[in-house]
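Report on the structure given below.
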Amino acid sequence: MGRSRSYTRLLLGLLLLRSTWCLAVADDGGGAEEGGGAFPMVVSTWPFREAVRAAWEVASATGAGGSAVDAVVAGCSACEVLRCDGTVGPGGSPDENGETTLDALIMDGTTMGIGAVAAMRYVKDGIKAAKLVMDHTEHTLLVGEKATSFAISMGLAGPADLSSPESIEKWTIWRQNHCQPNFWKNVVPAGSCGPYHPIDVPSGESKASAKHVLEWTQGDICQGLFEPNNLLEPVNPHLKSINRHNHDTISMAVIDKMGHVAVGTSTNGATFKIPGRVGDGPIPGSSAYADDEVGACGATGDGDIMMRFLPCYQVVESMRRGMEPRDAALDAILRIARKYPDFVGAVFAINKKGVHAGACHGWTFQYSVRNSSMQDVEVITVAH
């Protein structure tokens, strides 16, 4: 009876959000038998074919093949070198100061070991740095310049400039456009570059007084700031135009020949982010999660929103309770959409049998798959 009620609520959610959610599902034969002939298997966000091929080369090696962890590192490293979509690795997504920093995560679904780095400067190898954290410390996450120092002390190349001519040009144009769009809210000046200063969020009669002061000091720049609900939004509404080229992550899952599962992520974060910002990329359970006993999940999209819900942890736990990947993926997306109907994001889910699915909200999502029954990487489109 409880399961029937849950299914009814899920259908109701589909009806309420039918204009913005999207779903795809595929079963490539791995679901026929537990640990079936489809392994090894690689799944990744977006059509990052070369990254999937690099992971596949490790996982499908002669004999027992490489481990799921090593395959994930190879795949994400390839994406960092290729600078996939300009959102992975060095050379993309400048922050407000024009600097590129890296976030990355690796998780071993056998041991539940995790390593991650966030806001790492001057080192190009995000996923390798994350693995060093997992392999050589008792910690889970290192951040900022201390993550940089750790990575270099452990043998990674650096310090190196992570900017590129393209990222500097993008940043220069943004500065010329008065630093718009940006991620600030409830601050002045609202329509130009900082430094910014907070304004109190008023209520009742004081709201009109505050509006008068802002109009006197900022003119038309603050027009619309006091419209209904606007105080809850970024200063510039164009930030809602999130897409894979300015707000993206490679999130990859691998099931190796032994049936072990691992996931990893790598990203250079949101373009024009406030320096020090950390998104969902290095947060376990948000951008990715894995458990040999269940399967794995990867996510991409508006990390500032998605990390509040830990969608990949939700997906894996839903599958643990018996949900199929398609239902688990959609359920995780709907949980976010009910609270943030304008959010943009997606997840893929894969269970330990190799059945995979994707769900998204606010955009068309694609994810890539390779297993032993395929001749090459195949791309699944999850459309509106």
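From the backbone N, Cα and C atoms, a Cβ is placed for every residue, glycine too.
Taken from TrEMBL as is:
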- THR249: active site, nucleophile (ACT_SITE)
- ARG277, VAL278, GLY279, ASP280, THR300, GLY301, ASP302, GLY303: substrate binding site (BINDING)
- 1-26: signal peptide (SIGNAL)
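Projection of TrEMBL feature records onto the structure.
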residue	record	Cβ neighbours (10 Å)
THR249	active site, nucleophile	35
ARG277	substrate binding site	18
VAL278	substrate binding site	21
GLY279	substrate binding site	25
ASP280	substrate binding site	32
THR300	substrate binding site	31
GLY301	substrate binding site	30
ASP302	substrate binding site	22
GLY303	substrate binding site	29
Query raised in the report: Hey, how far is GLY303 (substrate binding site) from THR249 (active site, nucleophile), Cα to Cα, in Å?
Result: 9
Requested in this report: Take the C-alpha atoms of THR300 (substrate binding site) and THR249 (active site, nucleophile) and report the distance between them in angstrom, rounded.
Outcome: 6
Requested in this report: Report, in whole Å, the straight Cα-to-Cα distance of GLY301 (substrate binding site) from THR249 (active site, nucleophile).
Outcome: 8
Report summary line: Expressed in angstrom and rounded to a whole number, the substrate site built from ARG277, VAL278, GLY279, ASP280, THR300, GLY301, ASP302, GLY303 spans a maximum Cα-Cα distance of 16
